[in-house]
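Report on the structure given below.
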Amino acid sequence: MYTEAAERERAFGLFALMWVVPSLVGPAVTSIALVLADWRVALAWPAVVLLIGRVLVSRALRALDIGRAEAPATVRGVGWFAGVALGLGAALVLLGLDALPPVGTAVIVTGLVVALAFPRALTAVVPQNRRLRAGAVAFALVCASYFGITAILPLVAAVAVDPSGVVGAVLVAVAPLGWALLSAGGVGARLSTRGAYHVSASAFPIATLAIALAVTVVEPGGRFPAIATPGVASLAAGVAMGLVYPKVLADAFTDFHEHPGESRAHGGVAMELGEGVGTAAGSIVVAGIGGVVVASFGGGELALFMVVVGAVIAVMFGAARRNPTWSG
């Protein structure tokens, strides 16, 4: 639909506006549910909203005149897609056991999905467009960094300042709010390809260091610094995502060539796969191991773990610096 890169960046940035209202309303409702009811209600109420949303979307789609192709595009590599889904699903189940051996197994399974099933699925769906496959990998790295950081924030808030979870809900809201406002403002569209790389490679490790600082330097009772320090981490991750998210999505489609059975719709599937795999992998590894570290050792070791996470993110971005998505 959008043939020019600048148009695609603006469009993807505007899509991020959908984050603004949920990022403000969701944590507020969750906080009220935590205070007035319990964590079960806090976890359950989004499911009701999801069902209502599905009904509203279905009604809206009926009002659209959608032209259907005589020969709808098919997605190849269904087996590899199933492998990704089953692998990540198994990892999430193991993560829920909240013990070191199952969580270690979950991390291994996630690694196998990322190293084996994910690239095979990308190759199956867009075999002729290497640049887009590289874009999906870069997108997965960005999403893994962002969602890994935001997944650990509620745990950090519970350890450092507020066991009830209310402050954690507020901190999580800061990141998507920053993401939405930056994306909607079109700042990312004015960022160079190399600039997007440098923002990602620096902002995400800085966010992890801010989290480590929150659980070491902050003394009990110092509520403002205890909230502000992880708040900086959340804001840094959100700002980075707001700048980079539309840029990576747009640049991945540069020089995209359509082939029989390989259209831009297939490219969209590949990019969404990258987003999904990165989101799941980052959350499983960072929040999963972080939870076990806190349960087994305590908050001090969590700070060391976050330093390691920051170092791993920096190394991964260093290894990806020659990815075609970043090199232009």
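Backbone N, Cα and C atoms are what each Cβ position is placed from, and that goes for glycine too.
Note that TrEMBL annotation is computational and uncurated.
Annotated transmembrane segment per TrEMBL: 12-37 (among others), in sequence order.
Annotation source TrEMBL lists transmembrane segment at 43-61 (among others). Outside the transmembrane segment (43-61) by six or more residues, the chain places 26, 29-30, 33 with a CB less than 8 A from a CB of the stretch.
Residues or ranges marked as transmembrane segment in TrEMBL: 73-97 (among others).
According to TrEMBL, the transmembrane segment annotation covers 103-122 (among others). Nonlocal intrachain contacts for the transmembrane segment (103-122), taken as residues 6+ away from its ends with a CB within less than 8 angstroms of a stretch CB, comprise 77, 80-81, 83-84, 87-88, 90-92, 94-95, 97, 133, 136-137, 140, 270, 273-274, 277, 280-281, 284-285, 288-289, 291-292.
If you look up TrEMBL, you'll see 134-160 (among others) marked as transmembrane segment.
For 166-184 (among others), the entry in TrEMBL reads transmembrane segment.
Beyond the transmembrane segment (196-218), the same-chain residues lying 6 or more positions past its ends with a Cβ under 8 Å from any Cβ of the stretch are 141-142, 145-146, 149, 152-153, 156, 159-161, 188, 225-226, 229-230, 232-234, 236-237, 239-240, 243-244, 247-248, 251, 299-300, 302-304, 306-307, 309-311, 313-314, 317-318, 321, 326. Positions annotated as transmembrane segment by TrEMBL: 196-218 (among others).
When Cβ-Cβ distances below 8 Å are used as the criterion, the transmembrane segment (224-245) is approached by residues 12-13, 16, 142, 145-146, 149-150, 153, 156-157, 160-161, 167, 170-172, 174-183, 185, 187-188, 191, 196, 199-200, 203-204, 206-208, 210-211, 213-214, 217-218 of the same chain, each at least six residues removed from its ends. Among the features that TrEMBL reports, transmembrane segment is placed at 224-245 (among others).
According to TrEMBL, the feature transmembrane segment maps to 273-296 (among others). Beyond the ends of the transmembrane segment (273-296), by six or more residues, the same chain brings 81, 84, 88, 91-92, 95, 98-100, 103, 106-107, 110, 113-114, 118, 121-122, 125, 135-149, 151-152, 155, 159, 302, 305-306, 309 to within a C-beta distance below 8 angstroms of the stretch.
Counting residues 6+ beyond its ends, the transmembrane segment (302-320) has Cβ neighbours under 8 Å at 137-138, 141, 145, 148, 152, 155-156, 159, 197, 200-201, 204-209, 211-213, 215-216, 286, 289-290, 293-294, 326 in the same chain. Per TrEMBL, transmembrane segment is recorded for 302-320 (among others).
Non-local neighbours of the transmembrane segment (134-160) in the same chain are 114, 118-119, 122, 167-169, 171-172, 175-176, 200, 204, 207-208, 211, 214-215, 218, 226-227, 229-230, 233-234, 237-238, 240-241, 244-245, 248-249, 251-253, 270-271, 273-275, 277-279, 281-283, 285-287, 290-291, 294, 299, 302, 306, 309, 313, 316-317, 320, 323-326; each lies 6+ residues outside the stretch with a CB under 8 Å from one of its CB atoms.
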